[in-house]
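Here is what TrEMBL records for this protein:
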type: REGION; residues: 1-21; note: region 'Disordered'
type: TRANSMEM; residues: 77-110; note: transmembrane segment
type: TRANSMEM; residues: 122-141; note: transmembrane segment
type: TRANSMEM; residues: 174-193; note: transmembrane segment
type: TRANSMEM; residues: 200-222; note: transmembrane segment
type: TRANSMEM; residues: 249-266; note: transmembrane segment
type: TRANSMEM; residues: 287-307; note: transmembrane segment
type: TRANSMEM; residues: 338-367; note: transmembrane segment
type: TRANSMEM; residues: 388-407; note: transmembrane segment
type: TRANSMEM; residues: 413-435; note: transmembrane segment
type: TRANSMEM; residues: 455-477; note: transmembrane segment
type: TRANSMEM; residues: 483-504; note: transmembrane segment
Amino acid sequence: MSTDANASKVDFKDAPDGPAVDQDELQLRNLGYNQQLHRTWHLLESFAASFCAMNFIGGVRTGLFLGLLAGGPAAVWSSFLITIVFMMITALVLAEICSALPLSGSIYIWAAESAGPKHARFVGFIVAWWSCTAWMTFAAGNCQTTANYLVSQLAVWEVEFPGGISIGNVKWRALVWVISEVILVIAIAINRLPPRLYSAVFKFSMGLMIVDFLLCVIWLPIGVSKTYGLRTAKEVFTQTYNGTGAPPAWNWILSFLFTAGTLTGFDASGHIAEETKNARIVAGKGIVTSTLATGIFGFATTILFLFCTPDLDTLFSLSAPQPFVQIYALALGKGPSIFMTVLAIIGLILNTSVAIVAASRLIFAVARDGVLPLSGWIGQIDNQGQPRNAVTVMYVFGAAILCTILPSQVAFYSLISAGGVPTIAAYGLIGLLRLTKTPDHFQGSYFYLGKFRKAMYAVVALWCALITAVMLSPFFFPVTSETFNFACVIFGAVTIFGVISWYFTPEEKWLRRDQVEQVFESASHRPDGTAAAH
């Protein structure tokens, strides 16, 4: 929490009537912080932060093949429907706590306060480590995913590469690494835009995703029908497949690795809460609406691609790092495939830029609370009201993570696979803590869940526990040194680092008891300043 001991508490009931931004500043002061970041964004930007970070069409293109390996088409569409339902419940639970605590770096503060003052500090340290790991690896992974689209054109045009197009070829890995690093620089550069211009980036990114979707809906089926042919309804809705070697039941459940992964990251709206007007209402709306929109568009895209992909034997024989580039070439021709590839690359670069927005606000919040080395420098705000130095830190860590591509692609993939685990684990922990520690608090939330809250907290805890188990599970069986999922090791190590940080960091440095209690008490009040009944 804030180290400003002079931050005073202001009752909303004593505040003069004024625009939403005045109420935002008063609520921020009640929570122990002073307004530092610009506050110029609205519901559209809040929605876009999560909607673009999840990137429904990019996420489906990237993960669909994992779902097809685990259960086949029947598992993919059915698991997606289940995921929409449970992720919507998760989004509602996070919107409830977000409304009470609309702060930058939201998720670790949500978790800390959900634990109550006694355990807040311990939980806050662990979830802060989880969240920083998740968002930083997510941004780095996006850069490598984007690079795969570009280099896949070499396979489409049958360009010979020294040593072959293979992750076992160090020259190939070096090429992918260089391109990934360049993409990261571009995404970071976009984050240097002033807030009002970055608002246009949000809007352009959303527009580009819809254009990409519409082209796939209209152009791709026509091309497929004239070439290798559409899949039948029977194939799409009933065909099963076991490409993982897991027992049949677990093989099917592994399909949630794709569906849940596509719908993870909606907490981004909360991370920009201090830059959003009327944040108490708007940030929660951004979480809920972006999750619903991503679920609907993601499911529609999944069904579309299930009808438009080649048969599974052909699909799994494609050699490009991003098979969709070859699918576009087979269906539309080599020339048009370049256009679709460029569209996907631009979309992913913007997607990465939005992820950096969320990640940098998280880093800023942790630094503002004083726990990071060089916190004073990292937590500085530029004259545009942006955490410019936190963005620089994001670049340094992202560039370092990408360097793991060079010695071993397996090492890099292990880092990236670990990226989704901490976020889902944090969602589930918040649900569990709300159920067991603070079920009757934060009743002043605009999204208060009322009599259904305890059931929803329990559902979120159980659902996220299942998805965490899926993400930590080996994907291919039998398990060997080459197929072992190091996500469990990385997640365990990050958790241990969080515990060590909690143990050795003096209480007066971060999350002091009096600060925790101030936030807890303030978040339990209604906007008019009256205490909610517990």
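Yeah, the Cβs are placed from backbone N, Cα and C, and that goes for glycine too.
Comparing 122-141, 249-266, 338-367, 388-407, 455-477 for CB pairs under 8 angstroms to the transmembrane segment (483-504), the maximum falls on 122-141. Contact between the transmembrane segment (174-193) and the transmembrane segment (388-407) is present: at least three CB pairs lie under 8 Å, with pairs separated by 6 or more positions in sequence. Comparison of 77-110, 122-141, 338-367, 455-477 by number of C-beta pairs under 8 angstroms to the transmembrane segment (287-307) places 77-110 first. By the Cβ criterion (distance under 8 Å, sequence gap of 6 or more), the transmembrane segment (455-477) is not counted as touching the transmembrane segment (122-141), fewer than 3 such pairs being found. Contact check: the transmembrane segment (249-266) against the transmembrane segment (388-407) gives fewer than three Cβ pairs closer than 8 Å, residues 6 or more apart, which falls short of the contact criterion. The highest tally of CB pairs under 8 A with the transmembrane segment (77-110), across 122-141, 200-222, 338-367, 388-407, is held by 338-367. Against the transmembrane segment (338-367), stretch 200-222 shows more Cβ pairs under 8 Å than any other of 122-141, 200-222, 388-407.
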